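Contents: one structure, followed by commentary.
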Amino acid sequence: MVSYLFVLGALASVAIASPVPELKARASCTFTDAASAIKGKASCTTIVLNNIAVPAGTTLDMTGLKSGTHVSFSGKTTFGYKEWEGPLISFSGSNVVIDGASGHSIDCQGSRWWDSKGGNGGKTKPKFFYAHSLKDSTIRGLHTLNTPVQAFSINGAANLGVYDVSVDNSAGDSAGGHNTDAFDVGSSTGVYISGADVKNQDDCLAVNSGTNITFTGGTCSGGHGLSIGSVGGRKDNVVKSVSITNSKIINSDNGVRIKTVAGATGPVSDITYSGITLSNIAKYGIVIEQDYENGSPTGKPTSGVPISGLTLSKISGSVSSSATPVYILCASCTNWKWSGVSVTGGKKSSKCTGIPSGSGAAC
């Protein structure tokens with residue numbers, strides 16, 4: 001169902017002979033079901049999605065919104081169960097604001113799909129949220145629970161700000177959650193993610209391609225860390241000017257991670273990690289490797305995706321006793337600058353190779 005409130009506004013002319021401007025209606029709409037929201041979105045510039053129960057196999061399709069539209073999630077948003085690829089929610093448009101009202105939640109109830117296989121088999125699981133072709137837009141304060149697999153897919157976006165978003169998949173730690181990436185960024189420019197709070201079982205952030213990407217003030221727990229890549233093997237394989245700062249990585253497999261695809265091409269350049277705190281990292285505190293093939297390392301780095309202009313500063317914390325503090329496997333790595341890097345615990349690697357001389361980097 002939907003309710004409309006039309007607000008009429010006009011500009012008055014001060015000149016006696018000037019014509020009266022045309023009145024334009026702008027609608028504020030509250031939707032309580034997905035079908036009405038999808039059908040009525042084009043008539044509204046303020047949209048409230050109130051306690052929406054999205055039917056199984058349906059995308060809550062908020063694509064093609066009018067410029068300047070404000071969409072707010074209110075109450076509890078849920079989704080019916082079906083094995084399909086999704087997405088559960090999709091947005092596109094320019095100058096769009098997407099936010100959550102106080103006390104709202106978007107609960108995917110992912111345990112219905114979780115089987116410890118993620119996107120690698122088992123049940124077909126829907127991705128959660130496509131932020132595709134969002135331009136000059138903002139996502140703020142969304143509270144997301146239990147995504148079946150990946151949460152936010154940011155692709156083809158430009159000048160997108162993502163503020164104070166939480167992704168809580170902590171229930172998946174013991175219930176088979178897998179491949180529950182929080183933010184996957186591809187083919188985008190000017191993406192700014194601030195204040196994210198993530199509990200999941202995969203990358204907190206994965207930048208696969210894009211320029212001018214920032215992640216700052218985040219907390220990442222339970223997953224695979226803050227990642228560049230894997231880079232290579234896609235249509236767009238350029239990663240440039242990425243800044244990851246002032247964030248915490250807790251109880252995760254990895255901390256800082258950069259991985260490129262063996263035999264592929266495409267540059268990774270001007271990457272900064274600064275002010276990163278690590279705690280109880282299970283596998284690698286810092287891992288940089290150019291040897292990924294079919295999603296797994298081969299131990300044989302290739303040079304087709306060079307990593308240049310990598311700055312690490314003020315990276316501190318600890319790894320578990322069985323973990324590796326720093327692991328670097330490079331075939332083409334240049335112009336690095338590391339300072340204030342102190343990762344303690346674990347066992348040092350004796351297999352590092354290709355570290356740029358004079359960079360300050362060490363295993």
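Positions of Cβ are set from backbone N, Cα and C atoms, glycine also.
Database features, via Swiss-Prot:
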type: SIGNAL; residues: 1-17; note: signal peptide
type: DISULFID; residues: C29-C44; note: disulfide bond
type: REPEAT; residues: 188-209; note: repeat 'PbH1 1'
type: ACT_SITE; residues: D202; note: active site, proton donor
type: DISULFID; residues: C204-C220; note: disulfide bond
type: REPEAT; residues: 210-230; note: repeat 'PbH1 2'
type: CARBOHYD; residues: N212; note: N-linked glycosylation site
type: ACT_SITE; residues: H224; note: active site
type: REPEAT; residues: 239-260; note: repeat 'PbH1 3'
type: REPEAT; residues: 268-290; note: repeat 'PbH1 4'
type: DISULFID; residues: C330-C333; note: disulfide bond
type: DISULFID; residues: C352-C363; note: disulfide bond
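Rounded to a whole number, the distance between the Cα atoms of D202 (active site, proton donor) and C44 (disulfide bond) is 37 Å. Outside the repeat 'PbH1 3' (239-260) by six or more residues, the chain places 203-205, 207-232, 266-290, 292, 297, 304-305, 307, 310, 312, 315, 317, 319, 343 with a CB less than 8 A from a CB of the stretch.
Here the repeat 'PbH1 3' (239-260) is broken down by DSSP into helix, strand and coil counts: 0 helix, 19 strand, 3 coil. Taking Cα separation as the measure, C220 (disulfide bond) is nearest to N212 of the recorded positions N212, C330, C333, C352, C363. Cβ neighbour count for D202 (active site, proton donor) (all protein chains, 10 Å cutoff from its Cβ): 27. Geometry remark: N212 (N-linked glycosylation site) versus C330 (disulfide bond), CA distance 24 Å. In the structure shown, across all protein chains, C44 is the one of the disulfide-bonded residues C44, C352 with the greatest number of other Cβ atoms within 10 Å. Ranked by CA distance from C29 (disulfide bond), the disulfide-bonded residues C333, C352, C363 have C333 at the top as the closest.
Of all the recorded positions given, namely D202, C204, H224, C352, C363, those whose Cα is no farther than the 10 Å limit from the Cα of C330 (disulfide bond) are C352.
Counting other Cβ atoms within 10 Å of each Cβ, the disulfide-bonded residues C29, C330 show the lowest value at C29.
Closest to C352 (disulfide bond) in space, going by CA atoms and restricting to the recorded positions D202, C204, H224, C333, is C333. Residues near C363 (disulfide bond) in space but far in sequence (CB under 8 A, at least 6 apart, same chain), listed by position: P325, V326, Y327, I328, K348, S349, S350, C352, I355. For N212 (N-linked glycosylation site), the Cβ neighbour count at a 10 Å cut-off comes to 16, with all displayed protein chains included.
Put simply, H224 (active site) is 5 Å from the residue listed as 'active site, proton donor' when counted between their Cα atoms. Here the CA atom of C204 (disulfide bond) lies 24 Å from the CA atom of C333 (disulfide bond).
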